[in-house]
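Report on the structure given below.
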């Protein structure tokens, strides 16, 4: 990071950090943006050291500008960052990124006018391309520089690591900037695997070549001296044309950009391959119940890049489906933000949803609702399991226990009042299973009837039959005594009720 931090001097760094990212926005450029730009340039096989000078930034802008129409958001952000850095190097006062882009556009228009004026003064109106890999040597001839092994290695590495994910297309566009059809075929031939995808790409190229031949028929008659023949579809694809013919078409006046045409065909085929390798539709991307909102947004935009739709349709998908397919927790938060909320505000609001803190808050809210409902039931008298009031053994008052009693501690046993033992060891008046003190010297145990009440009115039998009913009962008692002489209960439970 130290080397990347040396891109700007102290004074230039102060100016850099005063420039805003957007007009009227609060965020400003920081050192991390330069670090990110240098890493992106390394990923695109471009020397990050070019950022240290204004001329290097101008070269980077010249390579990135043709890809802005078909490039990704990362490519546009890289272009904007380098453009702003160029203004800082050139000591051009700008307030935000938009103003820096306007300054770059003005400077490019001025340079074009100067070049046209110089060509008119010298009598040479031919606008010769100076773009890499076609350069002009010291003799003024246009020569071709073969694509470097480093570029090929970067392309093969991307295909091996990413297969045919959506980010492969902007990577191919950046690596093939200014390339001839022969260079593009070299890049395609270095792909060893994924032959099914390569076959699909060949079919797309053949279809586009046939469409080119249909729209651009060959003019009848001989070719004028000094003029080149018109390229056919197979010539643009590099199968029936030589390298010198390709350079001639690209540097002719007016030029025929066979390299850019062939590149568009390849990108069209790559889009079909990306759609095949990413079968998931944007409509199927939904946030899981425990998935962080950040991971859901990453999956959403990755699938959105593979969708073959216009930018207006993609904007509608983002505004509608991103909120609609979120989980209930995030959807509630996003709807509360309103339709004009930015992605940064959405991610900040849903940052903790699904994590332990959010779960704890939801659980606390649920518990508070349950507690409130229980309180309402108790107030209405529907709560039956009311706790019994406790009573203190020390002071005899209710509402607290002896452990929390503030009264002076009573000495001795709390049950019998004697000293020398505690209540748990007290043997005074220990109750048996019948609920009374045992042994008892007062007759029968407590669960027996102590006295039988005598009836105050004669029974129904005595009223009906008179003395006939009373005589057998009087005779039955001595018979029972004679048959069961040992049946007295006195020996077991004290006084026998039959002997009373």
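In case you wondered, yes, glycine gets a Cβ from its N, Cα and C as well.
The structure displayed is predicted, hence computed values, not measured ones.
Marked as N-myristoyl glycine by Swiss-Prot: 2.
Taken from Swiss-Prot, the feature asymmetric dimethylarginine covers 387 (among others), and the record attributes it to similarity to another entry.
The feature asymmetric dimethylarginine is assigned by Swiss-Prot to 409 (among others). Secondary structure at residue 409 (asymmetric dimethylarginine), taken from DSSP and collapsed to helix, strand or coil, is coil. Cβ neighbour count for residue 409 (asymmetric dimethylarginine) (all protein chains, 10 Å cutoff from its Cβ): 9.
In this model, the region 'Interaction with Gp41' (7-31) carries an average pLDDT of 85. The region 'Interaction with Gp41' feature in Swiss-Prot is assigned to 7-31; the stated evidence is similarity to another entry.
The region 'Interaction with host CALM1' feature in Swiss-Prot is assigned to 8-43. Within the same chain, residues 1, 50-51, 60, 74, 78, 81-82, 84-85, 88-89, 94-100, 154, 171 sit at least 6 positions outside the region 'Interaction with host CALM1' (8-43) and bring their C-beta atoms closer than 8 Å to a C-beta of that stretch.
According to Swiss-Prot, the region 'Interaction with host AP3D1' annotation covers 12-19. DSSP assignment over the region 'Interaction with host AP3D1' (12-19) gives 5 helix, 0 strand, 3 coil.
Summarising the annotation, Swiss-Prot assigns region 'Interaction with membrane phosphatidylinositol 4,5-bisphosphate' to 73-77 and lists similarity to another entry as the type of evidence. Using a Cβ-Cβ cut-off under 8 Å and counting only residues 6 or more beyond its ends in the same chain, the region 'Interaction with membrane phosphatidylinositol 4,5-bisphosphate' (73-77) has close neighbours at 40, 64, 67, 170, 173-174.
The region 'Disordered' annotation in Swiss-Prot covers 106-128 (among others).
Marked as region 'Interaction with host PPIA/CYPA and NUP153' by Swiss-Prot: 189-227. Beyond its flanks by at least six residues, the region 'Interaction with host PPIA/CYPA and NUP153' (189-227) meets 152, 155-156, 159-160, 163-164, 233-234, 236-237, 261-262, 265-266, 268-270, 272-273, 276-277 of its own chain at Cβ-Cβ distances under 8 Å.
Taken from Swiss-Prot, the feature region 'PPIA/CYPA-binding loop' covers 217-225, and the record attributes it to similarity to another entry.
Helix, strand and coil counts under DSSP for the region 'Dimerization/Multimerization of capsid protein p24' (277-363) come to 57 helix, 0 strand, 30 coil. Here Swiss-Prot flags 277-363 as region 'Dimerization/Multimerization of capsid protein p24', drawing on similarity to another entry.
Under the heading region 'Disordered', Swiss-Prot lists 438-482 (among others).
The motif 'Nuclear export signal' feature in Swiss-Prot is assigned to 16-22.
The motif 'Nuclear localization signal' annotation in Swiss-Prot covers 26-32.
The annotation motif 'PTAP/PSAP motif' is assigned in Swiss-Prot to 455-458.
If you look up Swiss-Prot, you'll see 483-492 marked as motif 'LYPX(n)L motif'.
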When secondary structure is assigned with DSSP, how many helix, strand and coil residues does the motif 'Nuclear localization signal' (26-32) contain? 2 helix, 1 strand, 4 coil
